[in-house]
Every structure is written in C-alpha cells, then in structure tokens.
Amino acid sequence: MERNDIVLKLKNILAETLEHTNFEINDALTAKDVDGWDSLSHMIIITQIEKEFGIKFKLRDLNKLDNVGALIDVIQTKL
Amino acid sequence: MIFNSYDFVVFFVVVFILYWFVFNKTAKAQNVLLLISSLFFYAWADWRFLGILIFNILFNYYLAKSIFKASKVAVKQKILWFGILINVGILGYYKYFNFFYENLINIFSSGTTFTALDLLIPLGISFFTFQSLGYIIDVYYEEVEPYNDLMLFSTYMVFFPKLLSGPIERVQKFIPQIVSKRVFDYPLIADGLRQILWGLFAKLVIAENCAVIVDPVFENYNNESGSTLLFVSFFYMIQLYADFSGYSNMAIGVAKLLGIKLSRNFATPFFSLNISEFWRKWHMTLTSWMMDYIFTPLSFILRAYKKIGLIISVIITFLIVGLWHGANWTYIVFGLIHGIYFIPVILKGTSVNKASNTMTENKYLPSVVELFKMLVLLVQVMLASVFFRSETVIKAINYLSRIFSKSLISLPSSIINGRNALIFMFIAFFITVEWFHKTKSHEFDISGKPLYIRWFFYIIIFILLLFAGRTAEAFIYFQF
C-alpha cells in the first residue's frame, strides 16, 4: 500500500475515533498535538488500525511510536 | 536527615562547596562526590539498608547488560522476568509480606494468631525499585542501551535529592545531564532556591498547620458533626498535597543547586476539570511510570474488549497505585475509588474535545462551568483522601457516613476559631499564588517579575515561615 493511502486511511480512523478533524496528518504529528488523543483513546485507535489494515501490533512496536511518521512506518512493515 | 533539618543544611552546605569549588574540575570528580555524599546521606538516614540499595544497583546494572547481550528474544525475556521477580520480590518482602501473610491467615485459618515479622521498610525502596524496574524493562524493549559506566549508573540511582521520595527519574533523562561537567549556572541556582522556599512554605506553613486541624478530628471523628468532617477532609487533602508537592519542590530545588534538573512531580493538580487531567498533574512521575509499565501493557492485552478492556486496565492500574503506597486495605480502596472515577471519563469517550476537558491555561479566572467541574473533582478527591488518612477501611467508611448525616447541615463549630481562620487565609494565599503560576515551570516561578515584587514575596514567605511555620519531623511520603 502506498504511503498516501495509509495516511488517508489513518485520517479516517482518527476522525472516527476522536470525532473531529481538527488535525493535519504529517510525519511529525504527535498524539499531544491532537485533541482527545490521550493514553485512554490511544489503545482504541491502535485497535481500529489493526482492524482496518488487518495487521497485528506487538507491544514492542507501540513503544517506538514517537510520532505519526513512525506509526506509518510500522504499519508499512506489517502490510 | 530531611530537607528542613539543620543536619541537612550543614550536610548540603559542605556538599555544595565541595561540588562547585573543589570537585569542579571534571564530570567524574563531581559524580564521585555526588555518589559518596548520597551514600552517606542514605546511611545517615538508615545505614542498615545500605546493603540493599547497593545490591539493587549492582544487580540491575549487570542484569540490564545481560538482557542486551542475549541474542535470542526468549532468553532476553527470561532474564527480564528474573529481574522483575527479584526486584518485586525484595520490595514485596519488606513492604507487603506481613500484610499478605496476615490476610491469608485470616482467610484460611480463623483460629491461628498472626505473628508479624519484625520487618522495617528500607527507606526509599518503592522509589528506587521502580527506577530499576523501569530501566531493565526499557533495556528489554530497546528503548535505551545499558550503560557501561557503573559510576554514572550508581550516581543516577542514589542521587540524594530524589533518593528517599522521588521524583521517580528515568535514566534517559538523568544520565545525559551528568555525563559532562556541570557549570555554575546562576539563574538555575536562583530558581532552585525559589523552589526550595516555596516547598518549605508548603510543608511548614500549609501542611503542618493543616495537620493541627486534621489530626485531632480524625482521632475523634465520632464526636464531630458531618460539616466538620467534610471541612476537615478538605484540610487533609490540602495537607497531603502541600506535604508531598512541598517535598518534591524542595527535592527539585536542591538538585538545581547542583546543576541537575529533575522531573516535575506536581503541576497544580487541583486546577483540573476531570480525574484524568488530575492524575496527569498529581505525582506525575509515578503516574507516567504506571502508564508506561502497567497500564499500556494491560490495555494492549485487553484491547479486543475495547472500553471494557480500558476500564479493567485502569482499575487494575489504580489498585497497584494504591498498593504502592503501602500494605493497607485503605490504600487499596483509595486506588479502587480513583479507578472507578475514570469509568465515566472512559465511557464518555473522547467525543468532547480536549479544549473543554483541560483547564484553560491563559485566563485569569475560570469560567462558571470550569469552576463547577473543578469543584466536583475537588469533592471526589477529598472523599477518596479519607481512605488515605484513616487507619482502617471501617474507620474511613464510618467517617464518610457521618459526613452524609443530618449534621452535615450545621456549622462546623468545633473548627471555627481564630487560629483556623488564619490557616485558611494561608491556604487561600497558597492557592492564589499557585493559580497565577499554573502555566509556569513550577508554582513559584517568579523569575520574570520585577525585583521589588520578587523580594516582596520572599519577605512575606520568610515572615510566614518564621511566625506561622511549624517544625516537622517527617514527610507523609517517607513511609512509602
């Protein structure tokens, strides 16, 4: 899957889970920059990503997610 | 040797002079001094447990290396679990053995009498064990590489300002600060002194005076009205906050005098709009530790259950937060209540955007809605803190049920007097200063204010310390 497609899908997942679109997806974006993306909603987002992309994360993967760029990289390696 | 003792002042003046004027040539010399003085500091507090502290350092230092060196993940995992077992085992033995033993005997053999082992809890064990656990788990997850310098690692572990009661520091944040030589940084040192002053004020004027109101009422709550008990639970909550945030400010301030920045531990938690924001600002280094090493793995395992999985994870995390404070059902119930407080926040989800869930930062006054939310949170925390203060769960329940009795609608006459009115004014001053510095790096960061305003505050606080400050033998969090 192209990186752009992943970004698009990710945008939908975030918009659906957080119920707003006040964010612009880019590699440097972090959870802190997005309203409502806190440690409670994080795992819901992760579960949605797994479902939508048909992948499975390992706990080890999650520890390395410093920003959206890193998240897209991890998704790409699993597709 | 607590921060507000003459022993500590003498000790620190000597360390300060040696650090900046004798051992100031290289980073290594500075670290040697920090290491030796920290071990001396610990031994002064209780030399009997120095062996456990040293064992903890050496064990985790070499264990982290062997996790890193192991080539197979399965082997790494086994070594990690061995490390967790030993660390938690030592902590569990000293802190929880009697508690679990007594409860097991009560459950399984009603006739047997329980004889407690004569165990003393090594000072600071909950804090340094958590640092070690965080380190070996981070090495396992390749978040950090193990350090090849025992001196650096030991200095991190024993650094005396944070040794007895935190902040719980992360190795990644601390060690880079001591790799190179620290240079005398006047603004940082001045800021450290301000933070110490505010910590002293919080501890000696606010916390200790609140204790004067709180202690007799908790001793004899059966004879007090519901309104008195409600107000006293407020004073206790302020006492607990002033005690531990005061301690933390002193610890961070003392570290700044040595050119080292420790993590913030409190960020005006009562100016929060819900329990989630409160915990992001209360004992922050413990919360972030619990988030990373307990909540995240748990919620990851339970993620298939969505919100129910989150609720279970939060409740287990807070039961552990409670138990971390000590081996008593009161702390466990305290944790449980805070976990339960999260349920509405989780169920409501994140549909409400962050702006309305977080205290507006740059306004002078809160809006009516914000004030109402703050008040609800305040009552939630006050009621839970009754469990934190009571000796047994039964006493806490009795205390709370007396609050919700007819006598709630009466004047809290037994605590209305001139002295308490004065204490209330000190608290109002304390809260006001914190409110106006809620977006600053600490609650008394007045570095940007003109000289005359700064000195106005220093003089007021000195006067209050001199005339309204009480002596204190210990901090509440030392027992943890």
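Yeah, the Cβs are placed from backbone N, Cα and C, and that goes for glycine too.
As the structure is a computational prediction, the values presented were derived from the model and not from experiment.
Residues or ranges marked as transmembrane segment in TrEMBL: B:6-23 (among others).
Beyond the ends of the transmembrane segment (B:32-59), by six or more residues, the same chain brings 1, 7, 11, 15, 18-19, 23, 83, 86-87, 90, 120, 122-125, 128-129, 132, 150-151, 153-155, 157-160, 163-164, 178, 258 to within a C-beta distance below 8 angstroms of the stretch. Annotated transmembrane segment per TrEMBL: B:32-59 (among others), in sequence order.
Residues or ranges marked as transmembrane segment by TrEMBL: B:79-97 (among others).
Here TrEMBL flags B:104-130 (among others) as transmembrane segment.
According to TrEMBL, the feature transmembrane segment maps to B:308-325 (among others). Cβ atoms under 8 Å from those of the transmembrane segment (B:308-325) belong to residues 96, 126, 286-287, 290-291, 294-295, 298-299, 302, 331-336, 338-340, 342-343, 346, 388, 480 of the same chain, restricted to positions at least 6 beyond its ends.
Feature annotation from TrEMBL assigns transmembrane segment to B:331-347 (among others).
Positions annotated as transmembrane segment by TrEMBL: B:368-388 (among others).
The transmembrane segment feature in TrEMBL is assigned to B:408-436 (among others).
According to TrEMBL, the transmembrane segment annotation covers B:456-478 (among others).
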Interface present between the transmembrane segment (B:79-97) and the transmembrane segment (B:331-347) (three or more C-beta pairs under 8 A): no
For the transmembrane segment (B:6-23), sequence-distant contacts whose Cβ falls under 8 Å of one of its Cβ atoms, 6 or more beyond its ends: 29-30, 32-34, 37, 40-41, 44, 184, 254, 257-258
Residues from the same chain, set at least six apart from the ends of the transmembrane segment (B:368-388), whose C-beta lies under 8 A from its own: 230, 233-234, 236-237, 240, 270-275, 278, 325, 330-331, 333-334, 337-338, 341, 359-360, 396, 399-400, 403
